[in-house]
Structure formats: C-alpha cells, structure tokens
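Asks: Residues annotated as domain 'Cobalamin-independent methionine synthase MetE N-terminal' in TrEMBL: 5-312. Taken from TrEMBL, the feature 5-methyltetrahydropteroyltri-L-glutamate binding site covers Arg17, Glu18, Trp19, Lys20, Lys112, Asn117, Arg510, Cys511, Trp556, Glu600. Sequence annotations record features per position, and here TrEMBL assigns domain 'Cobalamin-independent methionine synthase MetE C-terminal/archaeal' to 421-743. Under the heading L-methionine binding site, TrEMBL lists Ile426, Gly427, Ser428, Glu479, Asp594. Annotation comment: TrEMBL describes His636, Cys638, Asp651, Glu660, Cys721 as Zn(2+) 1 binding site. Residues annotated as Zn(2+) binding site in TrEMBL: His636, Cys638, Glu660, Cys721. Under the heading active site, proton donor, TrEMBL lists His689.
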Amino acid sequence: MAIHSSNLGYPRIGEQREWKKALESFWNGQLEEANLMETMKTIQLSSIKKQMAKGIELIPIGDFSLYDHVLDTAFMFGYIPKRFGQESERRWDTYFAMARGTSSQPAMAMTKWFNTNYHYIVPELDGLQPRLMENFLLRDYQFIKDNLSIETKPVLLGPVTFLILAKLSTGVHWHKHLQLLVPVYIELLDELYRAGVRWVQVDEPILVQEIDEDIVAAVEYVYHSFYQKVPGVQLILQTYFESLSNYPEIVSLPVAGFGLDFVHDDGENLYNMKKYGFPKGKWLAAGMIDGRNVWKSTLVQKAALLEELSKYTEHLIIQPSSSLLYVPITVKHERRLAKGLVDSLAFADEKLDEVRLLAEYAQGKRSLSDLRHYDEQTGEALGLLRGQPIKKTIQPIEQTERPPYAKRRQAQQQHLKLPLLPTTTIGSFPQTREVRQARLKRKKQEWDEKQYQTFIRKQIAKWIEIQEKLELDVLVHGEFERTDMVEFFGEKLGGIACTTNGWVQSYGSRCVRPPIIFGDVVHLCPITVEESVYAQSLTEKPVKGMLTGPVTLYNWSFVRRDLPRSAVLNQLALAVRQEVLALEQAGIRIIQVDEPALREGLPLKRQKQPAYWQEAVYAFRLATSAVRLETQIHTHMCYSDFSEMIDIIDDLDPDVISIEAARSGGELLSLFEIHTYRKQIGLGVYDIHSPRIPSRDEILIQLERALRVLRPDQFWVNPDCGLKTRTEKEAIASLQAMVAAAKEMRNRLFVSLQGGDQDDSKR
Ligand SMILES: CN1c2c(nc(N)[nH]c2=O)NC[C@@H]1CNc1ccc(C(=O)N[C@@H](CCC(=O)N[C@@H](CCC(=O)N[C@@H](CCC(=O)O)C(=O)O)C(=O)O)C(=O)O)cc1
Ligand SMILES: N[C@@H](CCS)C(=O)O
Ligand SMILES: [Zn+2]
C-alpha cells in the first residue's frame, strides 16, 4: 500500500495577521511595494516551513495569494476587465484595483465561496481572450525550491469551476470560453512539468453540486485534453465540501487521482465507492480531517474509515477535507479559553498533526493504541464543560406565528408614522481607528469598563446627531461596541467561547474570529438594551434595535457536532427571542434581526435544502415572533444569491427586509417582476464596499428602477449593508446623497399623485 500525507491549502494571513497588516499598510501608502513583497515572501516561506515540520509530504503552493486565489486565476489568465486598463509596469496596482475598485472604477463583484464565509472576486470574462500572462504557480514552485530545496504540489482552480463561477453577459455561454481556456491551462501545466513538477491538484468543487450532462461533457473534454497534452503531470482532481456528484463518470476520467471529502459527504463518497468501486491504480486523496470546523478528530474512528478505504485502493493520500483557509492557524496562542475546550480544539496546525498521525498509522509506523491515546486526551473535559443538553430546545414548542401582515402594517404605521420611502441604514457606522484603539485600551486594561462605556456613548451621541442632521427617518446606534456582529453576541451568550487570535480570512484583508459554540446556548443577561435605549433617549425618531439572527450566529460560528443542527439553531433562536423581548420591553419600536448568512448555510446538494430551509425559517420565526403587533421586525441580508429565495423571505415573515442590491441590482429586480412580494423591502441603493461617493442622481436611477417593480408604499431607501468599513467622511457624504435622492423621489411621487409639491415639514 502506497501512502502519502498531503494538505490542500494553508491559511495565508499569518499567525499574527502579518499578511493583513502588510496589505493595509501598502494600500494606505505606508509600505513600499518592495517591502510588501518581502513580507509576503516571508509569510509564504514560514507557512511552507511549518508544513514541512509537520511532516506533510505534498505541500500545496498556489494557495498563497495577495488577495484571493480566484482573482489570481483570472489575473494569471489575463482576464483583466478593460476598465482597469492594460496590464502595466505596476501590475499590482491593476490587481488591487480589480479587487478593491478605484476612485473612478467600481471593483469587481465579490461573492461567497460555496457554503463558506470566504468571499472571492467574481471573474469577468466579457470581451476578453485568455492568455498565460504569468505562471504564478511556476513562480511559487521555483521560489520554494530555491529557498527550501523541496518539491511542492501546485494547486490550481480547475477550468470548469472557474468558468461556472465567472460572470458572463446574458446569452453568452461559458462553453465558448472553455475552448479558449483549455489550451492556456495546458501551457501552464506544460511549463510546470518542464520545471520538474509531478503532482498538481486541480480543484473542481463545482462537481459536488448537482451537475448536468453539459458539465459532465465539459469535464470530460478538459481532462482528456490535459491527459493528451501533458500526460506526465499527475493530476489530482480535487473536490470538497460535499460528496462527488456523477461519481461513475467522474472517476473514469484519465487523471492520476481523485480527491474526495469524507467528512462533509454524509457517507455518500464511501457508499459510491462500495457501489461502483474505485478505478484500479488511481490515487484516492481522502479528505479525512475536517477543514471546516475546529474540533479535534476522533482518530480511532478515522482509522476504521482508513480500513474501509483500503479495501478499494492501494494508493492513498491522507489529507484534510478541504483547504485549511476556513480555520484559524493555531490553538497555541489561545490563553482565554477553558482548559477542557482548548484540549478539544484543532486549528490548521493541529489538524496537520492529525494528518501526519493518521498517515503514520496507515504506514505502520504507529499503532491503534497511539491513536487511542490521542483521543483520550480530548473529549472528556469538553463533556464536563458542556453538561447535559437542554431537552426543551431540541423540540421547541414555542409559538412562531405573528398576526397577519396587513394588521401589523396598520398598527405599526400608526405607531411609527414614517414617511413614504423611509430612509435608514443597516446598523454599523465607521469602525474608525479611534474605535478599535478604544477597544484595545480596554483589552490591555489601560481603560476600565466605565471609560470604555463613556467612549461608546460619545460615539453613539455623535452619530445620532449626524443622523438627525442627515434627516434619516429610522436611526441606529451604530454598533460601536461590537468587534463583529457575530463575535459580539458570542461573547455575551452562555455556551459560546471566543478566541483571542482565531482569525479567519473573510474577504481581502478583512478577517473574523468565528465564535465556538461548545455548549448549550443561553441568554444570560440583556446584551444590546443599554446602547439602544441610550440612543433612543437622544432622539424622537425611532431607533432600530440591532441583533444578529440565529441562523447567521450558527453559520458564522464553529458549531458543536454532538447535537443536530436544528437543536443548536433553536437554542440560538430562543436566546435571540429573549433579547428581542428585552428590547421591546425597554421601549424599542423597531428591531432588526440580521440574517446575512441565511443563504450561506444552504446545503450544496439540492435534496438536503428543504430540511435546511425549514429549520432556518423556524429558528428565525422563533426568534422574532413573540413581539407585539406594533413592534416592527426588520431583517437584512447581503452578498448572497437571492434567486429562489423570495418565498423563503416571505416565510420568515419580517415586516421589512433590506437586501444588498447595488452590485447586482438588475438581476435582483427581475426577481420581483416574476414574484409578487407584498411586505416592505429596501433594496440597497449604493455599494458600501467602495470608497466612491455615489451621486444623488445615480441613486435616483436606482430608485426609479426599483419602483418599476415595487410599490412606493412598500419601499425603503438604505445602503447595501453596514458602513463599518467606510471612513466617516465617506459614510456621511454617501448618506447625504441617499437622503437627497429619497426626498426628490418623494416629491416626484407626490407631484404625480397630488399635482403639487410635498411639504416635508408637515409630515
Ligand atoms: C458582513 N460580513 C461579516 C461576515 N462575517 C462576520 N463574522 N461578520 C461580518 O460582519 N461575513 C460577510 C461579511 C464580511 N465582512 C466583513 C467586514 C469587515 C470585517 C472587518 O473589518 N474585520 C476586522 C476585524 C474586526 C475586529 O474584530 N476588530 C477588532 C480589532 C482587533 C484588532 O485588530 N486589534 C488590533 C488593534 C486595532 C488597531 O490598532 O487598529 C490589535 O489587537 O492589535 C476590534 O474591532 O476591536 C479586520 O480588521 O479584519 C470583517 C468582515
Ligand atoms: N447590522 C450589520 C449587518 C451586516 S451584514 C451591519 O450594519 O454591519
Ligand atoms: Zn450586510
């Protein structure tokens, strides 16, 4: 039996987020390009050295990136949209312009990478011909070889996944590009082969979704072409996040091996192997260690799986189930976590230890009792920490129906007296350096709690005044007290732990520290009431209470595996419900329960989706349905594919939903042409990710388009998402334009209805 250990991708951010800090310093003009590149090389080398020290044999390259690996693929193949000009001497300026936009050009779209909280830049192909601009993989392969004298395994995003994820104008099919792209991939692979590369991992995660004959034919065309032209390269066709679809056809392809996920596949990969067998002589790259969660594995169970797999192949590669991009780097800096919890966790580095242990076991260098010993060190302490699951939340009985929408609408309008096209924001205002520094001072105990609270109150007061001046209709307190919308609740709820250094890249240089749900979630005390009530005390206008919803808390955390999803969701929902009621009790009239990650948790396989929707909708309703008739419930979603979601949104039964729409406005609007949606809705009228200030007229155009498909009395005017990543100046200027556009539109509507000017002061 031939056995190797392998990794599919390593986090790029550096143990102390050196990567993020260097990038942001470069963008701010505080770091020269040469220094940026030096820092990046140091981080890359240190990651490779770590994997070497862990005894990993097939170490990936190509996973390291200056922003995003999908953008790298597009850039490497010359897919540079014309608006960014031609590739120049200063090529990194072009690269970053594509990712982040410039003062004159909008950035390329960004969206979720499959069912993760990682966002990739969506390649734009229109009017462009692919060519191998620079072989990044060859560059990295040689760089590592020169410095560390080792062979590495280039990782490449496969052409079929790349093209299906890319943006094309309607009417153009990705097939057209495939014919052009395959020769360029072949050129790249050939250069690698000539340089001495033997293993190449080609990622085709699209193959875990339901695929039609068209895609199967495309995959066949691609991999037969590769085999004919570059037969010497040992290609591993890699899938992850679910079981491989169309197993018999795919495993017949002429590649050296197949990478399958044996953690997130619900046993389907093994089932298919049993049913159809595994091709003789091929490598099975078995994803055995969870690349998406942070719990240590039970290695004795993995040994049993190894036993099973070895019935079907004699060539085994042991590896994580996916890239380790989705987990933090190492547990070793965690000082605040309870001992029982720390002993149960494995981040990227610790997962690689597990890969090595398993590989050594498979190679006969370790015994089963070594694995048992490893397992004994985990588990027990966590069990004690967890205690008994709360039975009631496994099968909740709470009422989740609210009175009919029409009744609510009337009661709320009487209570709130909002104008037509009410203006609002999504919740967060700029998290300036001053705000983050204040938190740091508290963390380092340079400030006590009182000093910190005073600072937060000042920020709230400042922004209530700004919002009043801007003449927004529904105000927010600004979320200054929150590091992150999920982490903040994770810190305050029982049963959830937060790390000090468990950073994971979310998009570009932006990172999050996903909380760890280890026990039963309980609402210990009011979490947001003080800030909301304070903000409300400063204004006559309604201030929206601002909460993160149960499904988003679930999807953006690392979750426990010993309870079913629905049980954990319902525990979260009951906790949010208590907070909703606490806000209502304290006089808050509008409560927004954000669910930006609702779509993200949707299983990749269609047959698993209805159960997810049912549980997600139930949890949201459990959280929001206990309020009085006149309390208005809002929700917010962003950066998701909203197609096929209108009925789900309706089912959630919010009074108002705000959805990000500026980057994908056209597509979203067309959904409302075919679906009748009766409740209130705000489609984001400008992109908050760009530093660009939209003009009033540009926003008016967005309003005109929206009002062609939605009624004025159901439409809200708001930005795409929270403004925490913007500067104060940008936020204020953009909101000024937004309010001006709303007022102009109100006037136009008034003129068309009444034949006269609307007097704002009488409302
Ligand atoms: C809506 N989005 C979110 C997602 N996931 C979440 N969990 N939360 C989200 O809001 N997924 C989809 C999108 C992704 N969007 C974003 C947007 C912005 C960020 C972001 O800005 N992240 C910050 C880190 C946030 C944070 O917790 N900051 C801490 C500061 C920690 C720190 O660095 N401290 C420094 C000192 C600070 C200084 O000197 O300036 C230190 O300790 O040395 C805080 O606010 O206190 C980021 O910077 O990456 C993420 C996802
Ligand atoms: N209320 C949050 C939602 C982000 S999706 C914010 O404004 O940042
Ligand atoms: Zn959002």
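In case you wondered, yes, glycine gets a Cβ from its N, Cα and C as well.
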Asks: For a quick check of understanding: given the listed 5-methyltetrahydropteroyltri-L-glutamate-binding residues Arg17, Glu18, Trp19, Lys20, Lys112, Asn117, Arg510, Cys511, Trp556, Glu600, what is the maximum Cα-Cα distance in angstrom, as an integer?
Replies: 28
Asks: Please average pLDDT over the domain 'Cobalamin-independent methionine synthase MetE N-terminal' (5-312) for the predicted structure.
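Replies: When the pLDDT values over the domain 'Cobalamin-independent methionine synthase MetE N-terminal' (5-312) are averaged, the result is 95.
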Asks: Need this for a regression test: recorded positions Arg17, Ser428, Arg510, Asp594, His689, filtered to those with Cα within 10 Å of His636 (Zn(2+) 1 binding site). What's left?
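Replies: Checking each Cα against His636 (Zn(2+) 1 binding site), the hits are Asp594.
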Asks: Can you tell me the three-state DSSP label for Lys112 (5-methyltetrahydropteroyltri-L-glutamate binding site)?
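Replies: In the DSSP reduction, Lys112 (5-methyltetrahydropteroyltri-L-glutamate binding site) maps to strand.
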Asks: Tell me which binding-site residues (Arg17, Ile426, Gly427, Cys638, Asp651, Cys721) have a Cβ under 6 A from ligand 2; sequence order is fine.
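Replies: Once distances to ligand 2 are taken from each Cβ, Ile426, Gly427, Cys638, Cys721 fall under 6 Å.
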Asks: Between Glu479, Asp594, Asp651, Glu660, which of the binding-site residues has the fewest other CB atoms within 10 angstroms in the structure shown?
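Replies: If we count Cβ atoms within 10 Å for the binding-site residues Glu479, Asp594, Asp651, Glu660, the smallest count is at Asp651.
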Asks: From the Cα of Cys638 (Zn(2+) 1 binding site) across to the Cα of Lys112 (5-methyltetrahydropteroyltri-L-glutamate binding site), what is the distance in angstrom?
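Replies: The separation of the Cα atoms works out to 10 Å.
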Asks: Checking your reading of the structure: which of the recorded positions Arg17, Trp19, Arg510, Trp556, Asp651, His689 lie inside a 10 Å Cα sphere centred on Ile426 (L-methionine binding site)?
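Replies: Neighbours among recorded positions: none.
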Asks: So which of the binding-site residues Gly427, Arg510, Asp651 sit close to ligand 1, that is, with a CB under 6 Å from an atom of it?
Replies: Arg510
Asks: Check the Cα-Cα distances from Glu479 (L-methionine binding site) to the binding-site residues Arg510, Trp556, Cys721 and tell me which is shortest.
Replies: Cys721
Asks: Cα within 10 Å of Asp651 (Zn(2+) 1 binding site): which of the recorded positions Arg17, Trp19, Trp556, Asp594, His689 qualify?
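Replies: For Asp651 (Zn(2+) 1 binding site), the recorded positions whose Cα atoms are within 10 Å come to none.
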Asks: List, in sequence order, the residues of the same chain other than Ile426, Gly427, Ser428, Glu479, Asp594 whose Cβ lies within 8 Å of the centroid of the Cβ atoms of the recorded L-methionine site.
Replies: Thr425, Val476, Met485, Met546, Gln592, His636, Cys721, Gly722, Lys724
